[in-house]
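Before any comments, here is the structure.
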Amino acid sequence: FPRVGRQIQPPPSTALSSYVSHRTVPSSGLDGAMPVESGSSAAARQAKQKRKSHSLSIRRTNSTEQDRSGLQRDMLEGQDSKLPLSLRSNLLDLFSQIEREFENLYIENLELRREIETLNDRLAAEGQTFEGADLAKGALKTKASHSTSQLSQKLKTTYKASTSKIVSSFKATTSRAVCQLVREYVGHRDGIWDLSVTRTQPVVLGTASADHTAMLWSIETGKCLLKYTGHQGSVNSIKFHPTEQMALTASGDQTAHIWRYMVQLPTPQPVADMSQTPCEDDVDFSDKDEADGEVEGPNDCPSVRVATTTLRSHQGVVIAADWLVGGKQVVTASWDRAANLYDVETSELVHSLTGHDQELTHCCTHPTQRLVVTSSRDTTFRLWDFRDPSIHSVNVFQGHTEPVTSAVFTVGDNVVSGSDDRTVKVWDLKNMRSPIATIRTDSAVNRISVSVNQKIIALPHDNRQVRLFDMSGVRLARLPRSNRQGHRRMVCCSAWCEDNTSCNLFTCGFDRQAIGWNINIPALLQEK
C-alpha cells in the first residue's frame, strides 16, 4: 500500500474510489490485491463518486461512529469494483489510520508553532534576534518521501536546537569581551592531533600532525621555527622536557622519539585589533566545510631529521607520551593496550603497564608527583602510582559509558576525564568512588586541558566548538566560531599557557591549523 506524503495539510477532498482506481495496490498488507479496472467504466465511476465526495474526504477531525458507518456503506455497497469486500474494508481502515496520523501531526505542529512564537516574542521584548526566527514557517516543510514518524522526530530535533541557540545568544556579550582569537598557526598539510607549550625559555608552541611531522612555532609571530621529520607515520602527540630543550613525540610508526631543538625567536609583530571579533551570536551553524585546498607549508623552516633516542617496544600505534616529573623517565600509551615506562638515558623498558581491555587513547603525568593516568577505549582510565619504588599500585576509574579520550591531572588532588559519551567528570584522588562534578555536553570531548592557576577546563569538541568550564561544572564561555574565524573541523586538543600575555590558550584540529586565544580570565570569573 503506497505511503502518503508527509504534508501537514491533508490531501484534497477526493472520492476514495477515484483515489484507488489510479493506483495499483501491492500485495504487501493486502493479500490477493490486484490492479483496479480503469478506462471508460472508471470514468463513469469517478463521475458517480463526485456526488459523494463530501462524505469521503479525509478530514483533520475524528469521524464519529455514524460517519464511519456511512463511509463504510459507501465503500462496501453500491460500487462496481472487483476488489473483494474484505480488501475494501481493510483499505478503509488503512485510510482511517492515515487520517488519525495526519491529525496528530497537525496538532503537534500547531503546538510547536505556538511555543516558537512565544520564544520569539520574548526575544523581541529583550531586543534579541536569532537566525531561526522563521522556524515556524520553514522548518515545518518536509519532503513527501519520508514517513510521518520521521517528520515528528525531525521537528523535535529542530525545535530543541533552536531553543539551545536562543539560550546561547544571551551570553554573546560575555564571550565578546573575554575570549578573542589572536593568531592562527598554519603550515601543516594534514590534521593536527596534539599541541603543547614549552616549559623553558624560549617559550614556543609545538604541534603534532598526521602529515608525519611535528612543528615548533613562535607564539608571538605565528612563524614556524623548526620542523621534525624523523617519524614514518602520523605524529600523535608532543610534550616538552620540564627543564631542557628536548621534545618527546609519539607516532603511528609504533615508536616514540626524543629529539633536541634549538630555536631563535623572531621579532614580535603587533597583535591585530580584535575589537570586531564575532562571538556566539555570529556562529555559523551550517555543517558546510570549506574546500579542501592544499596548505602551503613553511619553505624557510629548518628541520631536524634524526632523534637522539628512539623508544621501541610497542606492537601497535603509539598514541601518546609524556615526561615523568624530573624528566628522567617517560611513559608511552599504545593501541597494543599497554603503557610503557622507559628510562631516558638508557632507552630501556622499566615497566609495562597492562590491564586495559582495549586500545589506549591517552596518557598524562602529574606535574609534581610520580603518578601516571592512562585512558582507554574500554571506557575506563587507570591511575598508576610510582611514588614507592617497591609498590606500583593501580586504581581503576569506571564512570564513563564510551571510550575515555583523555584524563589529566590538576595541580591539586583532582583528575579530570573526558569521553566520547559527551561528558567530562572531575574526580578526587582521595575519594575515587564517584565524580565530584559532571559536565554534560552535546558533542564528544577530545583532549582536554586544565589551567594551572585558575583551574579552568578547556573542552575541545568533535562539533568544532571549544567550551570553558570551572571545576564545579559551571560553564564560563564558548570560544567564538564563525565562517570567518575559528575551527572549521573537529577540534582535537587544547593547551594552556597562562604566563603568556598575548595568547594563553591554544587549540588545534583537523582543519590543519592551531589557534592562539586570549582569555581574559579575571573578567571571565567575574561574569561567572
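Using the three backbone atoms N, Cα and C, a Cβ is placed for every residue, glycine included.
Going by TrEMBL, these are the annotated features:
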type	residues	note
REGION	1-73	region 'Disordered'
COMPBIAS	14-27	compositional bias 'Polar residues'
COMPBIAS	55-64	compositional bias 'Polar residues'
COILED	95-129	coiled coil
REPEAT	185-227	repeat 'WD'
REPEAT	228-259	repeat 'WD'
REGION	273-301	region 'Disordered'
COMPBIAS	279-297	compositional bias 'Acidic residues'
REPEAT	311-352	repeat 'WD'
REPEAT	353-394	repeat 'WD'
REPEAT	397-437	repeat 'WD'
Outside the repeat 'WD' (185-227), six or more residues from its ends: residues with CB under 8 Å to it:
233-245, 247, 249-251, 261, 263-269, 294-298, 301-304, 320, 447, 489-490, 492-493, 495-497, 499-500, 502-503, 506-516
For the repeat 'WD' (311-352), the mean pLDDT of the predicted model:
97
Residues of the parent chain within Cβ reach of the repeat 'WD' (353-394), under 8 Å, 6 or more residues beyond its termini:
316, 319-325, 331-341, 400-409, 411, 415, 417, 419, 421, 429, 432, 447, 452
Could you give me three numbers for the repeat 'WD' (353-394), the DSSP helix, strand and coil residue counts?
0 helix, 26 strand, 16 coil
Could you give me three numbers for the repeat 'WD' (228-259), the DSSP helix, strand and coil residue counts?
0 helix, 17 strand, 15 coil
Summary of DSSP states over the repeat 'WD' (311-352), given as helix, strand and coil counts:
0 helix, 22 strand, 20 coil
Counting each residue once, how many in the repeat 'WD' (185-227) are helix, strand and coil under DSSP?
0 helix, 23 strand, 20 coil
